[in-house]
Amino acid sequence: MLHSRIHPLKFITKPAAQIYIKRDDELGFGVTGTKLRKYQSLLHYIKTQAIKHAVLIGGAYSNNIVSLSQLLIEQGVVPHLFLRGDKPPAHKGNFLLTSLLVPTKHIYWIKRDEWEDVENRAKAFAEKLPEASLVIPEGACMVESLPGALSLGTDILRNEQEHDLLFDHIFIEAGTGLAAIGLILGFKIYRKTVQIHILLLAGHEAEFLKKLESFHQYLFFNYQVKIEWDELIQGLHFYHPNTAVSFGTTNKQVFDAIIQIARHDGILTDPIYSAKLLMMAKHTILTSDIVGNILIIHSGGGLALMGFQEQLASQLQCIIEKSS
Ligand SMILES: *Cc1c(COP(=O)(O)O)cnc(C)c1O
């Protein structure tokens, strides 16, 4: 099972609060940490079904696309990418890395006004391929990824045992939500009670709860794990970013936080997911009565920093000018 360590965090301090960070970012260099968990079961499925082609759906700068493409190629599975956009963007950030991995002839651009139909198109394309194929939706948010995603919960139980402590609060961000759903369901299976604070980066609470319910149904039908709805949603708290609210957007405060976190803790965070989570956790912890043992999940995603060199350089320049 994938295991990542925890250690104290200095970026946020509050009396009566012991704040730790979980280093899922250390699970891999090229592959975002929590995604590696999902892929453990997804790749197992791909192997057992002898799948030879995968059709991946997502944005040009998606962490999932760049991460999963690596592991598919390693397994001898051809990735075909259905990316959102009217034309190819500049070779920057994750799209640059994705283009190193996947030749242009296997990348298809789906116009923004046709994006609603992308899953149907991907399915139609997959059916015409000569060998066994699989369509992988955005974020690899699919039932085949759930067993792997559950390991985040069990791995935190192991951190608790190793450090002889119990967490009262956990902070995690959600894109498609599967990583957070794995955490919630993983804990419920082991009857661990904890307050889970979820930063919704790309959707609303109602959508998240709908997905939680459907993944729970899957667990129930396949593994006979039944949890009452009231129990399932007990202790869940939802937030939106307190700055750069829309998914994928950034601003000066986010880049400043990246530098602060790096200097306080020696941790590199990306501006789309992890830096926003740490900013939201800091704001929430400092402005509420939250105390006790707190864990913040660092899901990884650091490679995305490659796409923001100019913004980071100009934020550094601001800091240098202020201090001189
Ligand atoms: C993909 C990703 C997420 C979101 O995971 P979901 O399971 O889609 O919610 C969060 N953080 C990072 C760094 C990611 O790469």
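Glycine residues also receive a Cβ, built from the backbone N, Cα and C atoms like all the rest.
Quick look at what TrEMBL lists:
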MOD_RES   LYS35  N6-(pyridoxal phosphate)lysine
ACT_SITE  SER62  active site, nucleophile
Cα-Cα distance linking the residue listed as 'N6-(pyridoxal phosphate)lysine' and the residue listed as 'active site, nucleophile', given in Å to the nearest integer: 12
SER62 (active site, nucleophile), number of other Cβ atoms within 10 Å: 25
Local Cβ density at LYS35 (N6-(pyridoxal phosphate)lysine) - other Cβ atoms counted within 10 Å: 30
